[in-house]
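These come from Swiss-Prot:
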- 4-11, 133-140: ATP binding site (BINDING)
- H157, C177, C179, C184: Zn(2+) binding site (BINDING)
Amino acid sequence: MYYGFDIGGTKIALGVFDSTRRLQWEKRVPTPHTSYSAFLDAVCELVAEADQRFGVKGSVGIGIPGMPETEDGTLYAANVPAASGKPLRADLSARLDRDVRLDNDANCFALSEAWDDEFTQYPLVMGLILGTGVGGGLVLNGKPITGQSYITGEFGHMRLPVDALTLMGFDFPLRRCGCGQMGCIENYLSGRGFAWLYQHYYDQSLQAPEIIALWEQGDEQAQAHVERYLNLLAVCLGNILTIVDPDLLVIGGGLSNFTAITTQLAERLPRHLLPVARAPRIERARHGDAGGMRGAAFLHLTD
């Protein structure tokens, strides 16, 4: 059995998957915020419960935001302060007496989709998350590409390309990102960025679901906004896809529920790619909230 943990600032979610990659059981508990000992106990107790329930010693994979293992073997995860700065992988491997694997949660999302029955035919899969921020991951032949700093797929921290400024106007404001840089594309393409663009052009403060509802009602202002957003997304993806050249692009995060993104993006991409380039197949993520657990569990399928 494959145990996959999706760990965030508020919850520790465990999913147990069988050899056919089907979810058999899941459980969630609150994430301890201050005590590392309590954090380790929470994970180990869930593993013990799963072992007892299924009568096996399952493999353990963990997806967590941040950098799973720094040069000194410790975790960097600002959203999980109880474990940040601690040798999480080594400590859990010792306590559970098994190989524990860690990866960035965005990489786990991409891995989950790459191992979907429908998508395993594609050698190079790019996962793109359009949510609170913009992130993602790359999976080649069923294995995540992490890079030495676990930042492969941090697409949101690429800066706006020149073509974006041509589209939006050269007086378009370069917003400061939480990472400290100016003009990172997640400030414009995330769910919050989607809402910011609307406010910037129309001086109205609406959340993304409200804007999308107006678009669905045929509101001209909302339709113009969505057109602008999709063109900006295509421009930015043109640069990324020219570098990565994936077979499949899977889009997740809150904005993936907006069908116009997956249905209208493909027709806009070719004008931003090399003439010889083939645009990837574009699909909405299949596994929703379970994606993090799935991808973490499947870290043990990558040998």
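Yeah, the Cβs are placed from backbone N, Cα and C, and that goes for glycine too.
The secondary structure of T10 (ATP binding site), as reduced to three states from DSSP, is coil rather than helix or strand. Annotation for G4 (ATP binding site): spatial neighbours L14, G15, V16, F17, G61, I62, G63, C108, G292, M293, R294, G295, A296, A297, F298, L299, criterion Cβ-Cβ under 8 Å with sequence separation of six or more.
Taking the C-alpha positions, the distance from G8 (ATP binding site) to C179 (Zn(2+) binding site) comes to 19 Å. G133 (ATP binding site) falls outside any helix or strand according to DSSP and counts as coil. C184 (Zn(2+) binding site) sits 27 Å from T10 (ATP binding site), taking the C-alpha atoms as the reference points. A 10 Å radius around the C-alpha of H157 (Zn(2+) binding site) takes in these binding-site residues out of D6, T10, G135, G137, V139, in sequence order: G135. Take the Cα of C177 (Zn(2+) binding site) and measure to each of the binding-site residues T10, G133, G137: the nearest one is G133. Listed in sequence order, the residues of the same chain lying 6 or more apart from D6 (ATP binding site) and placing their CB within less than 8 Å of its CB are I12, A13, G15, G63, D105, C108, G292, M293, A296. Each of the binding-site residues V139, C179 was scored by other CB atoms within 10 A of its CB, and the lowest score goes to C179. For C179 (Zn(2+) binding site), the nearest of the binding-site residues T10, G133, G137, V139 in terms of C-alpha separation is G133. Shown are the binding-site residues C177, C184; of these, the residue with the fewest other Cβ atoms within 10 Å is C177. A Cβ within 8 Å of the Cβ centre of H157, C177, C179, C184, the residues given for Zn(2+), is found for these other residues of the same chain: G156, G178, G180, Q181, E186, N187. Neighbour density around each Cβ, counted as other Cβ atoms within 10 Å, peaks among the binding-site residues G8, G133, G135, G137 at G137.
All protein chains included, H157 (Zn(2+) binding site) registers 19 other Cβ atoms within 10 Å of its own Cβ. In three-state terms derived from DSSP, G4 (ATP binding site) belongs to an extended strand segment.
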